[in-house]
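Asks: Take a look at what TrEMBL says about it:
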type: SIGNAL; residues: 1-26; note: signal peptide
type: DOMAIN; residues: 51-173; note: domain 'DOMON'
type: DOMAIN; residues: 180-379; note: domain 'Cytochrome b561'
type: BINDING; residues: H219, H255, H288, H324; note: heme b binding site
type: TRANSMEM; residues: 220-238; note: transmembrane segment
type: TRANSMEM; residues: 250-270; note: transmembrane segment
type: TRANSMEM; residues: 282-308; note: transmembrane segment
type: TRANSMEM; residues: 320-343; note: transmembrane segment
type: TRANSMEM; residues: 355-380; note: transmembrane segment
type: REGION; residues: 391-412; note: region 'Disordered'
Amino acid sequence: MPLNFIHFRLSFVFTLVLLLPLFANGRRCSAEFLCEAEKLNIKQYCNKKTLGAEFGWNYDDKSRRLDIAFGAKLDGGIGWLAWGLNPQGPHMVGTRALIGIKHQNGSLECHKYSITDATRLGCQLLPIDDLGLDIRNFSFVYLKAFKYYMIKATVFLPLGYNSSRTNIVWQIGYAVADKEPKMHPTSLNNFDSTETIDLNSNLVITYTDQQLGNLRTAHGILNIVGWGIIMPVGVIIARYLRRYPIRWRLWFTLHISCQIAGYILGSAGWASGRWLGKQSKYYVFTTHGIFATTIFVSTTIQMFALVLKPKRDDLFRKYWNIYHHFVGYAILAIISMNIFKGIAILKPDYTWKWAYIVVLGILAATALAFEVYTWTIFTISKIQRTKLRKKNEQKQQGMGGTGTETSEPPPT
């Protein structure tokens, strides 16, 4: 079986191992939230959402009655929690929102708001009385037992609302001016706080926040492992195990194995990033995308070295080596920079950033140790060769001074 095919199969299996745990079901509400929701007779559906929020509801299609409980933590002195319906689509503009506000003194209040294009442009958002919805039992409370703030309400859906394709929007912010909620943070999780669901079956019609989050996590892991770890290891092997400081017969096989595995994983990460970019209608990360495509195209060209590399006696081999090494090191620099940009976009906990810093530190320390060892051995060898050459020159000079007197005539 060809060696490259074996490398491909191993990389494919490794990719599946990385991805499968990311799609495990983790959407069920916490036990504490479920307990509180059951007090409102909400037992039918309850799911976790982005921003650490949880949403439970009951829906009766005959009466078109929707009972909701929506809760999350509000860290800090002030903040607001919003839940709403949007008959136009799963996005912010057009949402009929129920918003609970927490003031600095700890007091709570709740109001109804209509989110319009003017709101997105920064105009003042003020409460209104008529949302076009029959809303009852609307309240905003603090659940001290587990430090949750919760919106409770009963909504009777008009006939124009499709209960089998209901657009849910939620949001959390941390700035308030009297009764006006100010702009929320602009992380990916804030932009992903929408879903289209079937109220009768809990079937999610659109890509859920969890699916997008899992795909982004997979995208990050594939790129970090493929581009950011395996490929640099392959470069270290090629530089330091080929001849100096250690000559290893299998260096080329291991080098190619690392580059193929890294390329497959990194390409999968790049492809998932392209797909995620097409799903991002309201936010674009141009610089990150340009660097990612540059990395993919450059590494693809580098991989052609497997079949296009000039032979050892070719006149162009020297120039090809210079190009191959220069492009390879440049790619590694761009990869590291773009991984940090990706981490800044995803904004996970600091574990990701520091874990990659530790990985880079280990790779850099390994390369530095090999480099110091290489130059030490090279310098010692050069000094020894210089001494040996001088010794040989002195010996030859000594022999040359008496050679005519002691040498025998050449045989005839």
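Cβ coordinates are placed from backbone N, Cα and C, and glycine is handled just like the others.
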Asks: I'd like to know the mean pLDDT over the domain 'Cytochrome b561' (180-379).
Replies: 87
Asks: Grab the heme b binding residues from the record (H219, H255, H288, H324) and give me their largest CA-CA distance in Å.
Replies: 28
Asks: Cβ distance under 8 Å to H219 (heme b binding site), same chain, sequence separation 6 or more: which residues?
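Replies: In sequence order, the residues whose Cβ lies under 8 Å from that of H219 (heme b binding site) (at least 6 apart) are G269, S272, G273, L276, G342.
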Asks: In the structure shown, which of the binding-site residues H255, H288, H324 has the fewest Cβ neighbours within 10 Å?
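Replies: Result for the binding-site residues H255, H288, H324: minimum number of other Cβ atoms within 10 Å at H324.
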